[in-house]
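What follows is a set of notes on a single structure, which appears directly below.
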Amino acid sequence: MTKLSVNINKIATLRNSRGGNNPDLVKMALDAENFGTDGITVHPRPDERHIRYQDVYDLKPVLTTELNIEGNSREQKFVDLVLDIKPHQVTLVPDATGQLTSDHGWNTIQHKDYLKDIIRVFKTAGIRVSIFVDPDTRMVEGAAAVETDRIELYTEAYARNFTANREAAIAPYVKAAEKARELGLGLNAGHDLDLNNLNYFSQQIPWLDEVSIGHALICDALYLGFENTIQLYKRQLIMRSGL
Ligand SMILES: CC(=O)[C@@H](O)[C@H](O)COP(=O)(O)O
Ligand SMILES: NCC(=O)COP(=O)(O)O
C-alpha cells in the first residue's frame, strides 16, 4: 500500500514566526505518527527558513516511523547532516538557495556523473536514496543510470492541471511511473498533492510506494484538525488499495 510521509516544514514555519517553541515541532511529529502517518519528511534549507538542522537531530532519536530528509546535496552541510543522522531515506532535490519552494527535478542526464557519485556515498552509508525528477521518461532512464533506489515525481504540474483536465494532467506521470517500474526503480511522488487530487493520482498509479505531503495537509489541518486530516489523507490512499 502507498505510504504517507507528512512533511512538517510548515509547522516549523509557524514556530519560527514568533521565535519560541510553539507549536512544538517534535511533539507534532510524534502526534502525526500516533495519528497514522507512515513517515515524517523534513527539508532543511540552507537559510533554515523552516526546518533547522537542529530539528533533525531532535527528531531522529524519538521518531518511530520512517524519516525522510530532503534537500540539495550540493550543499556540504546537508550531506554532512544526512551522513550523521542516517535517515531511512534521503531525497535529493536540485534547489537553488533563494527559491520560494522546490520547482524542478534533476537533469539526470546532464548531472549523471555527479549524481552517481553522491548517490553512492549515501547508499554506502546504508541510506535509501530517492531523487526528485520531472515526469519525463528520459529523466527516469537517467535516474536508473545513476543507480538511485527510487525517484520522486515532482507533482506540481499534475496539481496545477488536475481541475481543468485530470486525464491530461496524469498522463505524463503514468508514463514516467511505468518507465520507473520497467527499470526496477522505487516510486515516490510529492509537491502540491492535496485532498482533492491525491486519490486520483494513487488510483492511476497503484504501484506508488510513497507520497510526501506537507503544505496542503497542514493547511487542511487548520480547519479539519491534525488527526482527522492525516486520516483523511491516508483514506485517499487506502481507497485505492481497497478497489
Ligand atoms: C521537494 C518538494 O517538493 C517539497 O518536499 C519541498 O520540501 C517543499 O519545500 P517548502 O516546504 O520549503 O516549500
Ligand atoms: N516531497 C514533497 C513534500 O515533501 C511536500 O511537498 P508539499 O506537499 O509541501 O508541496
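Backbone N, Cα and C define each Cβ position, glycine as well.
TrEMBL does not curate its annotations; it predicts them automatically.
Listed in TrEMBL for this protein:
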ACT_SITE  His43  active site, proton acceptor
ACT_SITE  Glu70  active site, proton acceptor
ACT_SITE  His191  active site, proton donor
BINDING   Asn7, Arg18, Asp192, Gly214, His215  3-amino-2-oxopropyl phosphate binding site
BINDING   Arg45, His50, Thr101  1-deoxy-D-xylulose 5-phosphate binding site
SITE      Glu152  site 'Transition state stabilizer'
Arg18 (3-amino-2-oxopropyl phosphate binding site) and His191 (active site, proton donor), distance between Cα atoms, whole Å:
26
Determine, from DSSP, whether His215 (3-amino-2-oxopropyl phosphate binding site) sits in helix, strand or coil.
helix
Which of the binding-site residues Asn7, Arg18, Asp192 has its Cα nearest to the Cα of Thr101 (1-deoxy-D-xylulose 5-phosphate binding site)?
Asp192
State which of the following binding-site residues has the fewest other Cβ atoms within 10 Å around its Cβ: Arg18, Arg45.
Arg18
Taking the Cβ of Thr101 (1-deoxy-D-xylulose 5-phosphate binding site) as the centre, how many other Cβ atoms fall within a 10 Å radius?
12
Neighbours of the 1-deoxy-D-xylulose 5-phosphate site Arg45, His50, Thr101: Cβ within 8 Å of the Cβ centroid, same chain, sequence order.
Asn9, Thr13, His43, Asp47, Arg49, Ile51
Filter the candidate list Arg18, Arg45, His50, Thr101, His191 of recorded positions, keeping only entries whose CB is under 6 Å from an atom of ligand 2.
His191
Alpha-carbon distance [His50 (1-deoxy-D-xylulose 5-phosphate binding site); His43 (active site, proton acceptor)] in Å:
8
Listed recorded positions adjacent to ligand 1, that is, members of His43, Glu70, Thr101, His191, Asp192 whose C-beta is under 6 A away:
His43, Glu70, Thr101, His191
Within 10 Å of its Cβ, which one of these recorded positions (Asn7, Glu70) has the largest number of other Cβ atoms?
Glu70
Looking only at Cβ atoms, how many others are within 10 Å of the one on Asp192 (3-amino-2-oxopropyl phosphate binding site)?
18
Can you tell me how many other Cβ atoms are located within 10 Å of the Cβ belonging to His215 (3-amino-2-oxopropyl phosphate binding site)?
16
